[in-house]
């Protein structure tokens, strides 16, 4: 300003100084960039992956390449998908001119929007905010891979491996276990990362079922949404609700009308197996667990009583299915995958559908 002292601007802090890598790269916590720094943990993950020398390995979010190096040494080739262009350059620089460079292919892009090539095994330390959609994208990938070794937020991992009766057993659990066998491998403390995340982690092994359990995706999803609306209530109580009976009766009448018109059932490409939606709701991103239900699940409008306040012939039909399979006093929180499949088959046999 004229006639005054020039104000000396303070230098802006260098963002790279916040959480620098040895090469000067700063990590963005908002993007879930937490790089594994414990070499023993990296070795343990690679060992538990059971990699063969003939395997093509998919790595998601390779970062600066600490895990990538071990994967290249163990397998035939590594396909690394990385969204951050700085990390892509660092990865290419790290292996340039080494014998491993010819076995590394780097794909720059968002893994959720990328068409994935063939791979035998997936090993990944992923941003936790994409846990659910990535899990179902992988399980929907064809041809099917042998297994995936993925590090998740601890609470999310516990939902994947939960068993009937566990507090965190939920719709995500059943949807995942319909498509894969899931097992817990390692607990990982937050101090194993640079920079440390706010939560602990777990490494999980996911093996796609071969052959798949064939279900109609929309039918299955609609069925589980009702069952887990209040997972600790009895199924008899859930299926007596006016909103549920009304919905199922509407579906029933639609199906009967389609049969009479000769159009058949499910002419909406429902036979195409697409499980990408099965984990894309708040339930799978919110780790709070309520004693009565999953809290974050999409809730239906709940209203007890008969349809229009009068005895309902259709409601009796619904309850007869529960009685036939001895499900009336059972609770979704304690049903096995096989029991859910059996109950759905009984409903369908009676002409009752959920989509």
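Quick reminder: no glycine exception, Cβ is built from N, Cα and C everywhere.
All annotation found in TrEMBL is predicted automatically rather than curated by experts.
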- Quick one: which of 278-310, 311-343 does TrEMBL have down as region 'Disordered'? 278-310
- Message: If you count other C-beta atoms within 10 angstroms, which of the binding-site residues 82, 110 is the most crowded?
- Response: 82
- Taking the Cβ of residue 36 (S-adenosyl-L-methionine binding site) as the reference point, list residues of the same chain whose Cβ is under 8 angstroms away and which are at least six residues distant in sequence. 42, 63, 66, 67, 125, 192, 193
